[in-house]
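Below is one structure; the comments refer to it alone.
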Amino acid sequence: MGTPGEAPRSSGGAFLINKNSLLFPSSFLPVLLLPQVTIKLTKKSSNKTKPNTKKIKTQNHTPLFSSNPYFKRSSTPQKVQSTSNSSSLLDLKSRLSAVKIPEPVKPRAGRRMSAEGKPVITKKIVNGDAGYVLEDVPHLTDYLPDLPTYPNPLQDHPAYSVVKQYFVNTDDTVAQTIVVHKSSPRGVHFRRAGPRQKAYFESDEVTACIVTCGGLCPGLNTVIREIVCGLYDMYGVKTILGIEGGYRGFYARNTINLTRKTVSDIHKRGGTVLGTSRGGHDTTKIVDSIQDRGINQVYIIGGDGTQKGASVIFEEVQRRGLKVAVVGVPKTIDNDIEVIDKSFGFDTAVEEAQRAINAAHVESESQENGIGLVKLMGRNSGFIAMYATLASRDVDCCLIPESPFYLEGKGGLLEFIEKRLKEHGHMVIVVAEGAGQDLIAQDMRSMDVHDASGNKLLLDVGLWLSQKIKEHFVRKPKMPINLKYIDPTYMIRAIPSNASDNVYCTLLAHSAVHGAMAGYTGFTVGPVNGRHAYIPFDRITEKQKKVVITDRMWARLLSSTNQPSFMSNKYIEDSKKDNEAHNGTSKAENVSTDASLTNGSL
């Protein structure tokens with residue numbers, strides 16, 4: 001109830017009428033309502049009960065067929081007083097012929113019609129020859145079919161005049177799987193990112209906003225800067241707002257104006273100039289704010305929880321029939337976002353983790369039976385720990401959430417530590433923050449605690465493992481140890497992005513801007529096999545990417561550290577089956593997937 005162009009359903013009663021709009025109840029003939037006149041409608045009841053005269057309120061939204069159907073909200077509705085004036089009824093009846101009932105929107109590809117006649121976006125799947133599947137993203141014309149188009153300003157941009165074929169063909173797609181057998185189907189594709197020949201927004205029409213949510217990550221300021229500069233330099237957009245403090249900033253704080261000058265050097269700083277927070281997602285308040293401020297492009301930077309929130313915002317925007325492009329830029333330092341090759345900030349995190357590992361190596365090497373223990377980020381995925389270990393070459397043991405381990409007994413971690421100390425006199429251990437949680441779950445109260453984003457609060461595996469190692473060697477007085485524990489978690493994520501991530505953030509931001517100007521909405525951006533693509537929200541939020549322990553990249557790590565796998569053969573076989581089921585391929589086909597490609601199986 002209360003969506004644009006939809007009248008409230010009722011068995012009768014007075015209405016709150018917007019003086020600028022006409023509402024057409026679905027159960028009755030349309031009636032032209034004038035100010036200061038109320039028609040009390042009743043519906044016959046089979047049991048002859050008293051007619052329902054309950055007043056029904058509608059939300060303060062402009063219907064689709066009013067004078068400004070996109071984002072301008074109407075004034076406060078006027079409540080019409082009840083009257084029984086028969087002359088007014090006759091006068092209204094004579095005016096019915098002047099009422100033009102809007103034609104219902106016809107179904108189009110990529111949408112269905114609800115019971116109330118509203119267009120509802122569905123998953124846009126296109127099947128082609130030889131097993132070709134396109135998982136397309138929504139477009140504004142899916143529910144606003146008569147939008148005008150404009151020439152892309154880039155065609156007159158001096159910087160792009162030397163670029164050959166700088167517009168992306170609308171039929172260009174990016175394959176999710178690029179290593180296949182000759183008999184394999186073509187597989188899933190995504191729409192290629194980049195500028196289109198036609199734009200669905202004029203430069204002066206655009207009011208864009210940018211919001212950052214969730215935890216910090218290197219590169220946030222670079223993404224903000226490049227969205228602003230991309231809109232300003234490539235498309236001539238002058239009105240760009242910054243939403244402060246995450247999702248709450250839409251309805252709890254004022255916006256700040258972002259210009260090319262204000263963002264000129266923010267990429268040299270860590271954190272986010274807009275501020276961030278977890279939680280605070282109130283869909284109705286957020287979309288009301290978008291509508292009130294006249295915003296028609298929303299850029300949301302955040303992790304999987306934030307992108308789920310962006311998907312809900314898009315659904316509400318579409319339900320209200322607003323010309324608003326909702327675009328997500330995926331962010332996680334853990335690199336655990338599905339489909340895309342990697343997330344921004346990951347390279348910087350791996351590089352910075354080397355400082356902690358080097359310090360641990362120096363400490364352990366300088367003392368007899370020295371042990372350096374480093375805890376790195378990785379709540380559910382161990383990509384940072386794995387890549388930092390491979391890059392360092394000084395690590396003797398790497399523990400990640402995907403590879404369970406045990407402490408006591410033959411083949412356990414403590415036995416391996418003792419063996420390595422006897423061989424080399426020192427060792428370095430790297431552990432991801434999500435590793436070994438099943439072993440330290442005795443404190444059950446901590447297992448059910450979550451933060452505002454819904455993430456489970458983890459017990460500190462670094463402190464727990466340090467204590468267990470010390471307790472083990474206390475029982476061996478002939479082998480005293482010197483253990484140093486280093487936790488660089490927040491140091492890693494608070495630094496500015498390195499050169500590689502700066503370039504990557506630029507490409508992400510520009511891809512997002514091109515997509516919004518081309519009328520695409522309800523999507524996120526990212527590289528798939530090296531080519532940037534537009535990906536539906538549900539594909540990156542349905543599950544998290546994890547290290548494949550049966551993949552060659554993990555085998556490279558085991559070869560580098562010379563550590564045991566700490567796993568039984570049965571667990572390895574089960575992991576293989578789970579991986580094959582996830583990829584949708586059989587052993588006979590031996591088709592590599594995006595997960596294995598990301599992990600380096602080439």
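Even glycines carry a Cβ here, placed using N, Cα and C.
Note: TrEMBL annotation is automatic and uncurated.
For the ATP site, TrEMBL lists R278, G279, G303, D304, G305, T306; matching the candidates G215, G219, G370 against that entry yields G215.
Cross-referencing E226, E244, E433 against the substrate binding annotation in TrEMBL, which names T332, I333, D334, M377, G378, R379, Y490, M491, I492, R493, picks out E433. Listed in sequence order, the binding-site residues from G279, D304, G305, G378, M491 having a Cα within 10 Å of the Cα of D334 (active site, proton acceptor) are G378. Classification of G303 (ATP binding site) by DSSP places it in coil, neither helical nor stranded. Cβ neighbour count for T306 (ATP binding site): 27 (other Cβ atoms within 10 Å of its Cβ, all protein chains included).
The highest number of surrounding Cβ atoms within 10 Å, among the binding-site residues G215, G279, G303, G305, G378, is found at G378. Neighbour density for E433 (substrate binding site): within 10 A of its CB lie 24 other CB atoms from the protein chains shown. Relative to G215 (ATP binding site), the binding-site residues with Cα atoms inside 10 Å are T332, R493, the candidates having been T332, G378, E433, M491, R493. The shortest Cα-Cα distance from T306 (ATP binding site) to any of the binding-site residues (T332, G378, E433, M491, R493) is found for T332. In the predicted model, residues of the domain 'Phosphofructokinase' (209-514) average a pLDDT of 92. In the three-state DSSP scheme, M491 (substrate binding site) falls into the helix class.
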